[in-house]
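Working notes, structure below.
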Amino acid sequence: MELTRRTVTPRSFAVAPGSGAVPVGSSACPSPGAAMGRATVGTAATRRDVCACERGFELKISGQICEDVDECQRLGGHPCSQTCVNTKGSYTCACHPGYSLEPDGHTCKATGTEPVLLVAIQFKLLLYGMRSLKEDILATTDKNLIIFSIDYDLVDQKVFWTDLGAQSIQWISMDMKKKGTMVKGIKADCIAVDWIGRNLYWTDGTAGQILAIQLTAIWRGKSEYTVVLDNDLNQPRSLALDPLDGLMYWSEIGGEPQIEQAGMDGSSRKILLSQGLGWPTSIVLDQLSWKIFWSDDKFHCIGSANLDGTGISMLQLTQIKSPFSVAVFEDEVFWSEMKTRTVQRMKKMTGKNRAVLIKRLEQPYGLKVMHEVLQPRSSNPCLDTGCSHLCLLSPQSKGSCRCPAGLLLADDGVNCVPLKESAFLFLGLPTVIMQIYLKNLDTSHGQATLPGHRILPFTNVNQLASMDYVVQEKVLYLTEWNTGDIWLLRLKDSGKLSWRKIISVEGTVTDLAVDWLSGNIYWIGSENAHINIASPRGQYSTVLLSGSLYRPTRIVLHPPTAVMCFVDLGPQDDGRGLIESIQQDGSRYRVDRRGIQGLNLFTYGQGMMFWTTVDDAQISKVWYSKAELSENRWFQVDQKIVDLKVYSKLSQQGSNHCSKDNGGCSHICLPKPEGQTCKCPSGYYLDDIKKCLEAVRCSAPSQSCKDGQKCISATQVCDGHADCLDGSDEMDCTYPDITHSTPTRKMPESGKRLTAKAVQPLQGTKSTKTRSPGSEGMNYPVRKMLTPPIPALESKTPETKEGGQPKDSHREKLLLCSSDFCNGRGICTMQGELRKCNCLMGYSGDFCEEAAHGPAPGHIALSLTIALLVVLVILGAFVYFRREQKLKRNRTASSRNLTCHKENDQEEENLMNSETFVNEAYDEQVCLGSVFEENRG
């Protein structure tokens, strides 16, 4: 900032009257500098010499040394109009840009156009030239109306005023050629123009609000203004803006008069002054002195203070009787006087030079000084925000998007959406669903009453168990306790409800989640530790995850990324009352809340955490908090809360690989981050990668393989031969081992009695010895990696005992080769003690279970070789079979009597294997973390 400077030079010595000054440098007075002089004082009898200092210096206590005086800091000094810079023995005055220093070296005057005092005199707008003293009428309204508050915008050359009688804000161009109305149906006590952010603010003392509207707004029967502040406002009166810093100031004239400060978007609110105020009718900012001035009708004074609330000063004159409005310009303060119907001025720091500028029969109200230095140009931060409606300035030169009445800000923080499309909380109560818009949540710490809400009652629901909602389709999915039904409830705009049962299962559906992109429905039932899935509207269903789960309770989906998270409870709750979070890649684990007593339900949305607690008196509370803040708020609910979820229209947007045409799948499409997988419901099998065919129907006593492609007899199950194409007849089987006696235990899912040592690990599955993750001796399934069930009855590595010695291979010797082992599509050969299939042309896989998609190199030569081998094998087998038949029967019979042996607990392996297709998109080790943080609305 360049300052206009002028130095004031000292002119004489500061000595006592009648004393004679002694030249500088006299031997009687030390001379540390040119500011030393000497004087003789006293009578003839007591005459003595003393030292004296030039003006701008003062004598120290020693009486011999002069030190510089800081004229700029002397109380009551105010030597300069704007800026004072101390120098040695003197000081320098400087002026801000837009001002020039007067010849007196002290006073700063504004440059440029003539400053004009804009005054509202009852029903007229008066322009008063502050240099020329010329008066002009800018506008005249109906004599029955009152122009109460005024302001101006030099960018568009407009003057704005509020009319109490018409309850409107109007404007007129400064050339008097255009005029218009911005808004109607409002009660504005004071208006203020934001010339940078291009908005107009006003206070409504009756409603206790501060509001804003765009400067370009035109009344067309509906106004798009926004409420900036309405919390804890008693009776806001006057308003002053500082757009350069994004701050606003206002006065309260209610039971506790005070002056407050906040960002122009309502943020960072604080009390500036709360003492020494009577009835502050008007406030104004002085950008030059960094002070705020106010008129006080109760104390009959003009007060001022620094912008941090310090340095309070009051000017009380007998001529200040009932000040209404106040303005500041250069070194003077102006005010309108109600009782004398005048406009007066005086020096803003001393109260001197008071004068009456305007005196009329009509009553003067609001006044403003119009000059370009009072509305300095600056860049508009709102130009970069992209707000759909209004943008309000905030501190640190930022813009904040806001919405007009009836609209709410969406998750993206930019667009405004209708109230019905904004974010809301669904509380599932036993017989109703309560909808609470997040904008209605109170900012107080706790309340025993419910915030603004609406109720969706169900006359035919006994007790709600779980729910989910698709916002775009206005479709609610819900379940009841003690029934296995999933209902689809369509919420029509007419208010009517359309019910339809889409799924029926055994037991109770304890939790459900809907993929709102593909339409798939996921649920957990009370009968089995499964996570199930159904196609849209429930036409087809199947088990998605099983075997590795203990007690699944909650499902959370994020369809755009095709990620599913679920909660699987252990044998007991540790009662720590924690809310924890983690990133999707497993990093950044942290505890967000701890020590929550009675923690029950939890959900996350719109950057906020919601959870419920139930105390010993069975009182339910809903808690909510911003994720990054430690402050928790709550409201009380008098009923049991059974479910809790957050929704918004903009949060349910995006796509995945199943959202269009069911991903090309004929029945069930499972989305994955990198694509999709088609799956068949029970009674169907996958013919190719996308098409399901109906499974064969087997007549008793035969049974179907799991893939539905073949019927087998009961004797073919666990007989050591893979008779099914998918090998399902040899899954979860045990085989005799003549070297040990092994106890059996019941399989948790199928009810079969099996030995503790299961069949060799399925091909592609890592075999690990695991212990149950609970107290010692607990027998429940251990979660492990799920892999597709590929049949393989022998491991390529022989089993070993604890000492590392090979186990008896008698079991392998009993499993002779047959065409059934290779599914009739190849020849079984023995390689040592292991069987191997040489598949016929067109088939592949360890058991020739896969149909090849084209002829592979060497298949023709292999087929010819196999044909010759078949002849040789048939001849050799006939001779060998007759010789070994008797020995085989004896050996088999003896081994069937030796089926029990005992092993150490440390070698016990988990018997649970996945019997379902695995979708890699749904990894039980992934936690959703902050997936929902970008989705605010």
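Numbering starts at 1 and runs along the chain as displayed.
Every residue, even glycine, has its Cβ placed from backbone N, Cα and C.
Because TrEMBL annotations are produced automatically, they should be read as predictions rather than curated entries.
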Given ranges 758-782, 883-907, the stretch to which TrEMBL attaches the annotation region 'Disordered':
758-782
Which one is it, Cys711, Cys718, that TrEMBL ties to Cys733 with a disulfide?
Cys718
Fill in the CA-CA distance, Cys839 (disulfide bond) to Cys718 (disulfide bond), as an integer in Å.
23
Are there any residues at least 6 positions away along the chain from Cys718 (disulfide bond) with a Cβ closer than 8 Å to its Cβ? List them or say none.
Asp729, Glu730, Cys733, Thr734, Tyr735
Restricting to the repeat 'LDL-receptor class B' (198-245), what is the model's mean pLDDT?
92
With a 10 Å radius around each C-beta, find which of these disulfide-bonded residues (Cys733, Cys839, Cys848) has the fewest other C-beta atoms nearby.
Cys733
Report the DSSP secondary-structure composition of the repeat 'LDL-receptor class B' (198-245) as helix, strand and coil residue counts.
0 helix, 23 strand, 25 coil
